[in-house]
Structure formats: C-alpha cells, structure tokens
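Enquirer: Pasting in a structure now, in structure tokens, and then I'll have a few things to ask.
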Ligand code: NAP
C-alpha cells in the first residue's frame, strides 16, 4: 500500500502528519508522495481541496482519507487523535470506497484558447468590475439573461460550501447532479432571472456566455483560475469521480446536521 500524506502548515496538522509517518513506517506500509494509492490529508476541507487538485491527474488510482485538526469537515472523517485506528484500517484495507461526482468546466477564451478544469466543490463566475450580464443556456437553448454579481455551479458535496451561502439547496451526496445558484441577482422590470437554484441532470449541461466586454473572475474550488475575457463556459457532470477510502462513513445528513445545526449523533 503506497500512501501520501498531505498536510497544511498548521502546527497541530504537522504534528499529526509526523506521527502518521512514523506509524506508517512501523507498519511496513510505504510512503509515496508521487504515485500513491491512498492520500491522507491533515487539516480541513480546504486542505482536501488542495490535495484533490495536486493529484487530479491520478484520480482513477487514488482514494482519499481526510483527518481534521479543526472542526468536522465535509471531506474529513477522522479526528487527529484517531491516528492508531486509521493505521489499523490501512493495514486491513480491502479496497472499500465511496465515490462522489465532480464538475467539468470547459472555458472558451476570447483569444480562441480553450481550457478544461475539474472542480470538487464548485466554480464561480463574476465580472471584475460592476455587475455581470450573461446569457445562460441549458442544453444549447437560451434559458435567461442573468444580471447580478455572478453564478456559482456546484457538485453535491460542494453544495454545503459557497453554494449554500448563495442560497442554493444542500444536495444529497448520493445524487448525480450539479446545481447553478445565483449570486445576488438583480430582478426588476428590466432584468429577470429565475431567482431560484437550478439542478441539472447528467444528460444536461449549462452554458454561460458573458454579454459584456471586460475581465471576468473565474474560480475553481480554492483557485482564481483566470481574470481574462471569457467567451463562454460549459458546465457538466464529469465522467470522473473522487473516491474516498470508506473505512468508516459519517452519514451525509448527519454531517450536515452536526456542522450547521450542532446536533451530535447521540443528542
Ligand atoms: P476559505 O475561505 O479559507 O474557507 C472557506 C470555508 O469553506 C472553510 O471553513 C472550509 O472548511 C469550508 N468548506 C470547504 N469546502 C466545503 C464543503 N464542501 N462544505 C462545507 N464547507 C466547506 O477557502 P478555502 O479553504 O480555500 O476553501 C475554498 C472554498 O471556500 C471554495 O470551494 C468555496 O466553496 C468556499 N468559499 C465560500 C464562500 C462563501 O461561502 N461566501 C466564498 C468563497 C469561497 P475548512 O475550514 O474545513 O477548510
């Protein structure tokens, strides 16, 4: 079993990472940061997002495990004091996993360039200055002319992140779907948007064509990908998935309840 440890820079995370490395060596498991089968992240959801992008070219052969050194995360199941239990699970691994959908983002730039991106949480599109106007198409049919701060397109597991702040629904992680939520849309006699989040199926796609000149701010998870002029962006559910080693499984709705409402399993 080849294992990579991907930690944030916090002192408590680095301490956990060191303890993990020592125990992995003692168990005769192998550390391999270049071509791992398991990637253990130590930190929070942000650390898992960064690790996902670091290893996104090897998703087919990698399973992730998240240890949180702060609060319960959406991608982090293990606590920092559970390193021994995790090592036992790694030593007895039988390939068990759970997978979640990802978001494909196809970006056409005004200069003719094309870029393909992959998001675990979401992608947002905003204009650098002023409000954004954009034609929104569903399956190549014009759906609406959006005007407002921007749009957020998220995966089911990303629905609890930026999407939720933008008023989107929390989607079950078992659904194959992506969600488009509006960020501060303008609705008056001149401009009209649907005004509620949209949920798109695997056979559908969404295309956004900015309707003004000027720099756009395009994000993919933790990164600001571009601030060039964008001609169009197409969003669809990816054929790729992220896999987590399922040694234990916090039920999705229990995680939502614990994180946002504060209800613990035994309450
Ligand atoms: P950050 O601004 O340092 O952290 C954003 C917060 O979002 C952190 O508390 C993070 O949890 C949490 N988070 C990340 N993924 C989540 C998920 N799937 N469900 C629930 N909460 C989640 O930024 P970052 O660490 O680089 O993370 C990037 C993410 O920040 C983006 O993907 C976006 O979703 C989110 N974001 C949210 C807003 C907003 O809500 N207005 C604005 C910009 C970005 P941890 O503390 O466990 O890392």
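Keep in mind that glycine also has a Cβ here, set from the backbone N, Cα and C atoms.
No curator has checked TrEMBL annotations; they are predicted automatically.
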Enquirer: Quick one: which of 25, 26, 184 does TrEMBL put in the NAD(+) site with 45, 46, 121, 122, 147, 149, 160, 161, 162, 163, 164, 165?
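Expert: According to TrEMBL, the candidate sharing the NAD(+) site with 45, 46, 121, 122, 147, 149, 160, 161, 162, 163, 164, 165 is 184.
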Enquirer: When the number of other CB atoms within 10 A of each residue's CB is tallied over all shown chains, which of the binding-site residues 121, 160 has the maximum?
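Expert: When each Cβ's neighbours within 10 Å are tallied, 121 leads.
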Enquirer: Which binding-site residues from the set 121, 147, 162 come near ligand 1, judged by a Cβ under 6 Å from any of its atoms?
Expert: 121, 162
Enquirer: Rounded to a whole angstrom, what is the largest C-alpha distance between any two of the residues 45, 46, 121, 122, 147, 149, 160, 161, 162, 163, 164, 165, 184 that the record assigns to NAD(+)?
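Expert: Taking every pair among 45, 46, 121, 122, 147, 149, 160, 161, 162, 163, 164, 165, 184, the longest Cα gap is 31 Å.
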